[in-house]
Amino acid sequence: MTIKTLDELISDGVDNRYVLVRSDLNVPLADGKVTDDGRIRASIPTLQLLVEHGAKVIVMAHLGRPKGQPDEKYSLRPAVDRLDELAPFAVEFADDVTGPSAVERAGTLAAGSVLVLQNIRFDPRETSKDDAQRMELARELAALTGGSGAYVDDAFGAVHRKHASVYDIAEVLPAYEGNLVRSELEVLSRLTTDPAKPYVVVLGGSKVSDKLAVIENLMTRADSLLIGGGMVFTFLAAQGHKVGASLLEEDQIETVKGYLSRGAELGCEFVLPTDIVVADKFAADAEHEVVPADAMEDSRFGAAGIGLDIGPDSARTFADRIASGATVFWNGPMGVFEFDAFAGGTKAVAEGLKQCSGLTVVGGGDSAAAVRKLGFSDSDFSHISTGGGASLEYLEGKELPGIAVLDK
Ligand SMILES: Nc1ncnc2c1ncn2[C@@H]1O[C@H](COP(=O)(O)OP(=O)(O)OP(=O)(O)O)[C@@H](O)[C@H]1O
Ligand SMILES: O=C(O)[C@H](O)COP(=O)(O)O
């Protein structure tokens, strides 16, 4: 690979030059306030370096999945306010993408200043499947730099998206890899190239079918795969157990059966929970009880019971396995951690990673938010990835468009 680095851009000289940076400021919000600012913090070092070297920095970022038009609910304003609070430099905001506000503010931007554009996904061309549409937007974005700027991709969380601000822009302006993208790739490559053994992978969360593909790839590398969260029930169903009203992807049961037998052939052990916390409803104040994983419908809620966390015995087993791993990758909460009663499994897994002396990597927006919400700090782990889907697609061995284009 011959990807140009941020250091190369800096040494070429950025003083008084426009640099368009793609950052991932896609953070969770509640009541208009940022509830986990991990991604914002992670985006600061690259911006700061450019500011210190006198660049005129224009940041492109998205928040959520608006439908290609302005929608106040998805305004980047709260994320930008938080960036302004945290960063050692002032941050301006344009309330459109390439409209009059962006053009005016970019035109008057001083050297060593940062301007963030409104949610790039307010423009339907950003995510368009039509190459010409995306390229048209990319050219408008490049025009904000007077046509002679540079592009830096620092949005690791979005490198798996073939979007105008991630992909096409790199064909219009000289393109460089931001330091966040570089450090993420460095750590993740240690999970795919000769990881120290035992290599333990912990998967949970609710996006079951998204994560099944990663299992296929990791089975050939990991020594054990610990399965929790909403994924568990498709695995338990594949073993012939009833799972009540829990999250279940019936059309994936056959695939999972295949994984279970292939895992055994490859020497990759699937570790499933032996007990489950079953509730009467999906709510913080739900009635709940712990039942064996192979007899979920024996709870007092019968077939209406919903599995919302792994049980305490499973949590202990998982934590012990994790603590004695040499390489651990974790994606996806073990239960509905947003409700205190169902956060036990996630907390135990995070504790296991904290105790582990090997390489510990947490990937996934919700997983990162979960560990912080549960009182853990970034220093309890070797690395908390800012990428959810991006880190999974990397581990699946898929080509990441945002990286591939930097190598063109
Ligand atoms: N048993 C369960 N039933 C239903 N939902 C669950 C269960 N266990 C965990 N979840 C939910 O899974 C969600 C997180 O899943 P997700 O797959 O999005 O995780 P992630 O990969 O860390 O996040 P992201 O995709 O944002 O990077 C949480 O909101 C949690 O409440
Ligand atoms: O949250 C993420 O994983 C990234 O910000 C990408 O967001 P997306 O899945 O909406 O493209």
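A Cβ is built for glycine as well, from the same backbone N, Cα and C atoms used for every other residue.
Per TrEMBL, the features are as follows:
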BINDING   D24, L25, N26, R39, H62, L63, G64, R65, R121, R161  substrate binding site
BINDING   R39, R121, R161  (2R)-3-phosphoglycerate binding site
BINDING   K211, G307, E338, G364, G365, D366, S367  ATP binding site
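Projection of TrEMBL feature records onto the structure.
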{"residue": "D24", "record": "substrate binding site", "Cβ contacts under 8 Å, 6 or more apart": "R39, A42, S43, A61, H62, D154, A155, F156, G157, A158, T386, G387"}
{"residue": "N26", "record": "substrate binding site", "Cβ contacts under 8 Å, 6 or more apart": "R39, A61, H62, L63, G64, G157, A158, G365"}
{"residue": "R121", "record": "substrate binding site", "Cβ contacts under 8 Å, 6 or more apart": "H62, L63, G64, R65, P66, G68, Y74, T127"}
{"residue": "K211", "record": "ATP binding site", "Cβ contacts under 8 Å, 6 or more apart": "L203, G205, M231, N331, G332, L392"}
{"residue": "G307", "record": "ATP binding site", "Cβ contacts under 8 Å, 6 or more apart": "V232, F233, V243, G244, S246, L247, I276, V277, V278, A279, M296"}
{"residue": "E338", "record": "ATP binding site", "Cβ contacts under 8 Å, 6 or more apart": "A284"}
{"residue": "G364", "record": "ATP binding site", "Cβ contacts under 8 Å, 6 or more apart": "G205, N331, G332, S385, G388, S391, L392"}
{"residue": "S367", "record": "ATP binding site", "Cβ contacts under 8 Å, 6 or more apart": "G204, G205, W330, N331, G332, P333, G388"}
Could you list, ordered by sequence, which of these binding-site residues: D24, R161, S367, have a Cβ under 6 Å from ligand 2? D24, R161
Reported as an integer number of Å, what is the Cα distance between R161 ((2R)-3-phosphoglycerate binding site) and D366 (ATP binding site)? 19
Of G64, G365, the binding-site residues given in the record, which has the fewest other CB atoms within 10 A of its CB? G64
Consider only the binding-site residues H62, G64, R161, G364, D366: which of them have a Cβ under 6 Å from an atom of ligand 1? Write none if no residue does. G364, D366
Within 10 Å of each Cβ, count the other Cβ atoms, then let me know which of the binding-site residues H62, D366 comes out lowest. D366
With the fewest other Cβ atoms within 10 Å, the residue among the binding-site residues R39, R161 is R161
Output field, substrate shell: CB within 8 Å of site CB centroid, site D24, L25, N26, R39, H62, L63, G64, R65, R121, R161 dropped: A61, N119, G157, A158
Give the sequence-ordered set of same-chain residues, not counting R39, R121, R161, with Cβ within 8 Å of the centre of the Cβ atoms defining the (2R)-3-phosphoglycerate site. D24, N26, A61, H62, L63, I120, A155, G157, A158, H163
